[in-house]
Amino acid sequence: MAGTLDDVPMADSSDGPMEHDRVRESMQSNSSFSSSTGGEQDADDGAYNDNSPWVFLPEPLFVQIFLQLQARDVLNAGQCCKRWHKLSKDDYIWRKYFRKEFNVDASISLKRGAESWRAEYRRLTNNVPMVMTDVLSFHSHQVLHVSFSHNGKMFATCSKDGFVIVWNSAYPSTIRDSYDMRKLSWKYTQFSQFNQSDTLLLVSGVHFGSPHSTSGEIAVFTVQNGFNLKCRVTNRPYDIFGTWFSDQHLLSGDLSWLAHLVSSSILWLNKANQEVDSEHTPVRNQMYKFYNRNASSIRAIMVANCPWLSDETEANREEGKDSGGTEQKSSDEEPGTSGGDRRAGNPLSHYQMNQDVDSDEEQEEGTDDGECQEHRAAEDVPYQLLVGDQADYASPIQYLEEFRQEYEESYYESSDDCLEDDEDDPDEEELSEGEDDLENLCPKYLIFSTGSKTYTPHQIGFKRITSVNFPRRLDPGPSLRERIALRDRQREVQVIMAEMSPEEIRLQYVLQNEEPPMEPNWANYEDVAGRFDKVDKLIDLHGHIIGMGLSPDHRYLYVNSRPWPKNCVIRNPLEPPAIAQEIDIHVIDLMTLKKVGKMLRAHKAYTPNTECFFIFLDVCDNYVASGAEDMHAYLWDRYYGVCLAKYQHADVVNSVAFNPRDNEMLVTTSDDYEIKIWRSVSKAKKLGIPTVNRASEFRKQKNIRPPSQPQQHQHGMRSFV
C-alpha cells in the first residue's frame, strides 16, 4: 500500500505515521480477534477471513462511520486495506466534508472541470496561499500598492516614502530596481502597472502641494536593460491613477472646473515614447470629455479587453434601437439620471435581462434625485448576522446561478482572445516608434468610478471603445506672424467694445447678422450636452466605491464598496451620507453589464467618508482577495464564493496581488511598512520553507494539533505573536 501515500497529500506529515500506526494497530487487533474465532488471516495485506465481522459491514454503514471522523482520519484509515482505501475515496463522503468544512451551500454543484469533490477539498487545503514565506521591510513608510508583471517574474510596490521598488518574485524575493520619485517633486507613489509585454512600468503619484491639492503625475519606466525614466505625464486628479490602453499607449486625466460644483474630466491618450523628431508629431490626443456635476469627477480608470463587443454586437444593438422607440429616447438623457440612461449603449436583450435582476441603479419615477431608494428584497442577497461559533466567519459571495454557469464556460474556454499569452522571453524587444499598436484593436470597455448625487464616487461608468484615431501629424495652424496679427486685432476690438454700451454692442451684432456670444449655462446639462461624450452605462452601487479589480479574462468586474444607509437623503452634494464600516463586494458581468453577485458585510473599514481611501483588490482564476482596515487581507474562492483565509498585518492592508502565473502566491502590503508574501502549503514544502507562520483559516472543523516547536526562520521572517 506504499503507493497510495502519494495519493493522499492532505494527511499531515508531522503526525501522519503516528496516525497510520494507530489505525493499523486497531484494525490488526480487531482482525486478530476475529481470526481467533475463525479461519486464518493474512495480516500483511490486510485481507480478512470470511468470518471477520468487518467483511459483513455494509458500505453505507462504513460511509456513516467515516462521516463521523475528520478528513485526516479517513485518509489514514484508507491505508489499512484495499476496501477501506476504496471507501475513503468515495466522492459522497468528500462532498459532505467539503460543504461542511468550507461552509459551501448545498445548492452549489461541483465546479465544472474539477476532478472530484476530493480533489477540490485537496485544492482548498493545499493550494491556497496560506504560509508566510517572506517579509520585506525595505519601505520606510506606508506601502500603498502592489502589482505583478504579466509573466509573474517581478512585482512593483508603491509607498508614501516616495519610492517605487521592483522586486524579483522568486523565493527569496530581492530588489531588482528602485527609484526615488521625490527627485521629481513627488510627495509619494500610489499605483503601478506593467504593460502587456512587461517592458514598461507605469507609476502614478501625488505632487507636493497643499493638503487638498489634486495634482498628480504619471511616470513611465523601462524595465528591461535598465530602470530608466521614459516619460512623464500630468494627471489630475491624482486618484484617476492612469492605466495602459495598449502596449505603448497609456491613459491619463485632467480636470477643469466650469461652474459651481460643475466640471469636466478629459481623458488623454498618451504615447509612452515621447521622444519625437518634430514638434508636429503628436505625443498625446484627447480621447473623451465627460460632464461632472455635484462636485464629482472621473476616478480610478481601467480598460477591459472585451472580444464579445464585435461588429455583430454593434449591428444587433442598432437594430434593437430601431425596433423600439423608447430606447432611443433614453440615450439622450443626462448621465447619472435614473430614468433611461441605464439602457444607453447596451443591446436591447441585455436591458431586458437587466429588468429582472439588476435594478439597483433604478429609482422610482417622481422621487427626489437625492434620495437613495431602498432595494427590493427579492433582488438583494439577504444578509444574516453571524452568531455563536460563526461570529468570526467572513460572509461568502452570493452569486446568481447564471454566474456559475458563465464562470464555468469562461474559465475552461478562455474568452480572453485579446490578451496575448507571452511566453516570458526576457529579451523581448519593445515596439518601434513607427509601429502602431492602435491598429486592429480588440473592442474595449473604459471603466471608471464617478458620481452624480455627491462628490464621493458611488457609480461605475462604462464607455465602449471600438476604434481609436491617433493623429500622426499635428496641424501647424497659423504662423507666428499671423497669430500676432490676430492677437492685435482682438485687443483693438476689446478696447472699442469696452467704450460701447450693451445696447450698442447688440446692435453691432445685429448689423453683422451674428449672434452675440453667450456664456453657456454649464449647470444645465441639456444645454451643453453636445459638448461632451456620453457614458454608455452607469451602475449605481449606493455607497462609496473604494476599489475595483478585473478577472484575468476581463469578463467580470469586482468592486469594493462601503454602503450608504437605506433611504438616505442627500441634500448637499458636499455632505455625503455616512458610510458603513463593513465593505461589500459587488460582481458585475461585463458581457451583460449587470450585477451577478454580491457579498455583504465581508471585511472592515473604519475611516469616515471624508477620509476614505482606496482598498485595492485582485482577482485570479481561482480566488478573490482584498485588503481591509481591520489589519487583515481576505481571500475567497471565486466559484464557491466562500471565504478561505485572512492574512495578518499590524495595520491597514492597502493592497493585494496574485501572481498571474501562480495562483498559489499572494502579496499583501500594509500601513505597517511591510510587504508579506504568502504561498500555499504545497509550494512552501517544495521550497523547503517551514509551514509554521500561517494565515487564519476559515474552516468549520479544525484539526487539533500539538503546538509546534519554535524553529529558526530564514531571511528575516517574523513569527506571529
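The backbone N, Cα and C atoms fix where each Cβ goes, and this holds for glycine too.
Feature annotation from TrEMBL assigns region 'Disordered' to 1-45 (among others).
Here TrEMBL flags 26-36 as compositional bias 'Low complexity'.
Summarising the annotation, TrEMBL assigns domain 'F-box' to 51-97. Confidence annotation: the domain 'F-box' (51-97) carries a mean pLDDT of 85 in the model.
The residues of the repeat 'WD' (136-168), classed with DSSP into helix (H, G, I), strand (E, B) and coil, number 0 helix, 19 strand, 14 coil. TrEMBL lists 136-168 (among others) with the feature repeat 'WD'.
Among the features that TrEMBL reports, region 'Disordered' is placed at 314-373 (among others).
Taken from TrEMBL, the feature compositional bias 'Basic and acidic residues' covers 314-332.
As annotated by TrEMBL, compositional bias 'Acidic residues' applies to 357-371 (among others).
The region 'Disordered' annotation in TrEMBL covers 407-436 (among others).
Annotation comment: TrEMBL describes 408-436 (among others) as compositional bias 'Acidic residues'.
Annotation source TrEMBL lists repeat 'WD' at 646-678 (among others). Beyond the repeat 'WD' (646-678), the same-chain residues lying 6 or more positions past its ends with a Cβ under 8 Å from any Cβ of the stretch are 127-137, 139-152, 155, 157, 159, 167, 169, 171, 173, 394, 552, 613-623, 625-629, 631-635, 695-696, 698, 720.
Taken from TrEMBL, the feature region 'Disordered' applies to 698-721 (among others).
If you look at the repeat 'WD' (136-168), the same-chain residues 6 or more away from its ends with a CB under 8 A from one of its CBs are 174-182, 186-194, 196-198, 201, 203-205, 221, 223, 227, 422, 424, 426, 616, 651-652, 654-662, 665, 667-671, 673-677, 716.
Under DSSP, the residues of the repeat 'WD' (646-678) split into helix, strand and coil as follows: 0 helix, 23 strand, 10 coil. According to DSSP, the domain 'F-box' (51-97) comprises 34 helix, 0 strand, 13 coil.
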